Amino acid sequence: MLAAQQQSLGLGAPPPPPLGLQLHYRTSWQQPVLHHSVNGGEWRGVEMQQVVSGTGWWTAAQLQLDVAVAHSALGSGVSSHASGSGSPAPLLEFVITDGQHAWDKAPDGANYMIADPGRWRLSGGKLAQAATPPVMLVSDLDDTMIGDDASTAEFTRWWREEGVAAGGRLVFNTGRALDLFEALLVEKSSVMAEPDLLISSIGTRVYAKGPGGRWLEDEGYTALLGRGWALEAVREACYRALATVGKEAMHFRPPSEMSEHKVTCGVRINVLEKVLASVSADLAGAAVEHRMVISGSGDWRYMDLVPREAGKLQALEYARRTLGFEPEQTVAAGDSGNDIDMLEGQHRSIVVGNAHGELRAWAEARHAALASGAASGGELLLVEGHRASGILEGLQRFGFKKPGVAIGDSVLDLRAVAESGLFAGPLLSSHTAVFQQPTLNAFMALGRPAWLEARATLQRLLSAEEGRLRDDVRLRERALVSLRDVRMHLPAGIGDYTDFYASREHATNMGRMFRVYANALQPNWLHLPVGYHGRASSIVVSGTDVRRPWGQALPPAPAGEGATGGTAAPGAPVFQPCAALDYELEMGCLIGPGNELGAPIPVDRAADHIFGLVLVNDWSARDLQRWEYVPLGPFTSKSFATSLSPWVVTLEALQPFAVAAPPQEAPCPLPYLRQPPGQRTNFNISLEVALQPAGSGGGGGSGSGGEARAAEATVVTRSNLRTLYWTLPQMIAHHTAGGCNLRPGDLLATGTLSCEGPQGAGCLQEATWNSSRPVRLADGSERCFLQDGDSVVVSGYCQGEGYRVGFGECCGAVLPALPPPA
């Protein structure tokens, strides 16, 4: 299973919303009223609010739920449409009325029932959890949203069908004044949606629809603009500049294009610098806080002077806070230099294919700066589609995450399967909302019985005897997506990450390398699985390139003193880019159901808490690690990046490959870690690491062509999980022995996996015996540690009789270090 991103319209999931429920309802009624009861409590009536940008759509204000109430409902097993007298009360029970005599109930005549928090939609008697995560789209109008009626109409259809129902909101951010915008609404009424908020006059006004359909100015925003602004001083500065260059080179725009917080002039390009210098000097002298916005093309430019607190970006941020969206839920779209202001924030941005040259040049430079780390901000896309079609393309490329299963060269979309009612078993039928989530956490939390039911359902759907998926063309088109059209994501929201040191071969080799050969293992190593707390925030999905980190390290030891840990006193450390960057071949398990704080997990029941296994590359900065690890272990030397494969192979799929772990007899583990001898707690998983030098055809980890990489990469490690000394159940038992609670989605990694054999070393430091015997690559070059541009590809598989279970790849390329921090 994986968290895959289908190329469909929507966005990556926002951070978890406050625990609550939001309902969107489609009707032709003039004023629907929601009559509802939360968890069997008192019935109340709430007038629903119309969504301006969605014709016929209404919404109930977010219904905040008591945490205990919501958790009770989540565990109750109540379905969205069914309840019985012996069942626990649903989270939300409701009907909707037109406020007079008409009632909307479930098709069977019963009340509607909702069991889980989240965003729900009700249309035509069908109640379903919203499939598309919410987005606040902030779009320029001329030549972005409009300019091609067909593409505008296409966007509007999608927005009203999908965007609004998922909780999305539409904002127009335009240089037009209100009267010009209202005229445009009349002109484009058949193809263009009305916005939920209007930002006009280059971010100097914000409007919302009021009673009677009138657009009302947001007085709170307008009040912000008065600080440090002096309209008369601004106009006087422009008059002085005009007097200097003459009316032939400069003029004031008509009053309809200006306001008390916006002065606009047309200026010929040949005198623009002179006018800007004159106006800036005068306003500085008058202590007027202002911003200049220059736009246009050809011989003339528009010069807009607005308060410092105004502007397209400032107004966008105000709208975002007003409507309650996070930056990652917000997308801005524009086509001209006038839009640069609003495209520079922390939100995501789209530059449409018909963008002016100045905006494209800016976007290309900013895209490069964001990619290199020289600038910070939200993701920026330059799309091919023009105008509204480009907006749709951008939303499509941003994509939204959803779970899927690999089927050959396709991905089976579990959300589509769930929406078709095919997860109909006793455990999953009431919890299909888990397949609407952007990660697998909710599904993993259900536990092994639900996983087995899902597995059996999918096996039946894909069998020759079951015809639903084979014969239903529309379902097949929705549910089966080509692997070429998906973008991988981390399979889980990883809240905590623990890395162990569980391979005896690796621990022995490292001990011999840096300590006494005869006593390579630390005294505690054979008594407990050694581990440390890793950094979850820097775990990245396979294909993400890794930046060489900076940190403290000791300079190379003088000749004759040894560089492997002699007794000479260390010199002063230096702050430098890592000079000894390494990979570490590991595997990890993702936790399913957790345990309560203070309640250990017994070793004989630990496997029930493991959802599945993934590939891991725990990138390591050896020179930084060597200096910092005493006495508390590694810190900055490992916290900069850990790569994870997007595919999760479940424990059920691995059972045919289960094998006994190495003997643990001298010494025998303490009782809480003891497992019966010969118990099949490890798995026969073949693992490889290939290293591809820069410039040998494939490039970075995220864009390497498979054929070029296979032809020119060198396999530098071959190992197997079956040799793991401390087993995954033992790691869980030890981790929780003191009462530590694990949670769904937590990652436990094995540590470097080494085995006997000429290529059995699980990292370069071990393979080269701390740089004393470099690894030779297929192109003739040698490596002691990774160089900039090198790509590392971790892969794994289980070989059965006539079939193979693969883990995919966990890959990444090394990017050069950034300039030194200031």
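Positions of Cβ are set from backbone N, Cα and C atoms, glycine also.
Here TrEMBL flags 134-399 as domain 'Sucrose phosphatase-like'.
Along the domain 'Fumarylacetoacetase N-terminal' (401-491), the predicted structure has mean pLDDT 88. What TrEMBL records for 401-491 is domain 'Fumarylacetoacetase N-terminal'.
Residues annotated as domain 'Fumarylacetoacetase-like C-terminal' in TrEMBL: 497-810.
Annotation source TrEMBL lists Ca(2+) binding site at Asp499, Glu584, Glu586, Asp618. Within the same chain, the residues at least 6 positions away from Asp618 (Ca(2+) binding site) whose Cβ sits under 8 Å from its Cβ are Asp499, Gly534, Tyr583, Glu584, Glu586, Lys638, Thr642, Ala749, Gly751, Thr752, listed in sequence order. DSSP assigns Asp618 (Ca(2+) binding site) to coil, not to a helix or a strand.
Annotation comment: TrEMBL describes Tyr501, Arg515, Gln625, Tyr629, Thr752 as substrate binding site. In the three-state DSSP scheme, Tyr629 (substrate binding site) falls into the coil class. Sequence-distant contacts of Tyr629 (substrate binding site), defined by Cβ-Cβ distance under 8 angstroms and a gap of at least six in the same chain, are Phe635, Ser637.
What TrEMBL records for His506 is active site, proton acceptor. Counted within 10 Å of its Cβ, the other Cβ atoms near His506 (active site, proton acceptor) come to 27, all protein chains included.
According to TrEMBL, the feature Mg(2+) binding site maps to Asp618, Lys638, Thr642.
Other Cβ atoms within 10 Å of the Cβ of Glu584 (Ca(2+) binding site) number 28 in total over all chains. Cβ crowding, taken as the number of other Cβ atoms within 10 Å, peaks at Lys638 among the binding-site residues Arg515, Lys638. Within the group of binding-site residues (Thr642, Thr752), the Cβ with the highest number of other Cβ atoms inside 10 Å belongs to Thr752. Taking H, G and I as helix, E and B as strand and the rest as coil, DSSP gives the domain 'Fumarylacetoacetase N-terminal' (401-491) the counts 44 helix, 18 strand, 29 coil. The record assigns Tyr501, Arg515, Gln625, Tyr629, Thr752 to the substrate site; their largest pairwise CA distance measures 18 Å. Following the DSSP three-state reduction, the secondary structure of Glu586 (Ca(2+) binding site) is strand. When the neighbouring Cβ atoms lying within 10 Å are counted for each of the binding-site residues (Asp499, Glu586), the highest count belongs to Glu586. When the alpha carbons of Arg515 (substrate binding site) and His506 (active site, proton acceptor) are compared, the span between them is 14 angstrom.
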